[in-house]
2 protein chains.
Amino acid sequence: MKALMTGAVAAVLLASTAVQAQMKPEEMVETRQAGYQFMSWNMGKIKAQVVDGKEPYDQAKVAAAANAIAAIANSGMGSLYSPDTTTEQLGKATRLKPEFFQNLDEAGQIGRNFTAAANQLAKVAAEGDQAAIKKAFGDVGGSCKSCHDKFRAD
Amino acid sequence: MKALMTGAVAAVLLASTAVQAQMKPEEMVETRQAGYQFMSWNMGKIKAQVVDGKEPYDQAKVAAAANAIAAIANSGMGSLYSPDTTTEQLGKATRLKPEFFQNLDEAGQIGRNFTAAANQLAKVAAEGDQAAIKKAFGDVGGSCKSCHDKFRAD
């Protein structure tokens, strides 16, 4: 594996080795799924208020939702990904394709794009311009999708 | 139920009615459990680095973990609690005792104490004083425990 890692991705994975060592593969999967589920709930609130207009716009709530997404994105979720936590080892307990670890440069770039998009969403949500929030929300969703399309099993 | 609600708790619950209406009870349970699981992971990182000394202290990581806890705490989790999401209706899918809804003033106060403690932890984690982080971490843990002792089934 190590020969495939380069630059920032290798640094992130190596830096997280100590914490990884304390978690079982199943715990890593459950924890990252919890993070994504909680982000999804908050994305749904922003969508309902700013994109679909199904809920009245409440700037404080949208900002709080965006903050939760950004803080989760910045919390070091990379340490919850190890090569023994894919569909290959865990079957239906996860949807992470083994290909993730054969394309770590791309996976790392997708992760950095996601974090940057989440930070931008939190920034514009704090400012309150709904058009900017809608744009930033779309960019976060796009970064989610780029990883799902590439590395998430159906 | 409404006669039992007062002040801020009632306001929070009523304000969240629209969002609640779109979620099934099981979804509310899963989403709040996801939030707590993700906070627990981040509490564990802070504990390992600042309390137990099992991991080397990394200020940026501790601050990121504390930010995730605080942002989740501030994301409006109260809207994930409705009276049809207790052990009475859902059995072992949840550990929320029905007593929560017979003691909404106390539950609300515990929730506000938790959010305040999480915000304080994020503040001192950003500053980097380990003694202050350790104290604030203990206060967050205590606020978690106060709710578990009162409203969480064994």
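Each residue, glycine too, has its Cβ placed from N, Cα and C.
As annotated by TrEMBL, signal peptide applies to B:1-21. Annotation source TrEMBL lists heme c binding site at B:Cys144, B:Cys147, B:His148.
Mapped onto this structure are the features recorded in TrEMBL.
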residue  : record              : CB count, 10 Å
B:Cys144 : heme c binding site : 19
B:Cys147 : heme c binding site : 17
B:His148 : heme c binding site : 13
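In this structure, B:Cys147 (heme c binding site) is part of a helix by DSSP. The heme c site is defined by B:Cys144, B:Cys147, B:His148, and by the 8 Å test on Cβ atoms against their centroid, the other residues of the chain that qualify are B:Ile110, B:Phe114, B:Ser143, B:Lys145, B:Ser146, B:Asp149, B:Lys150, B:Phe151, B:Arg152.
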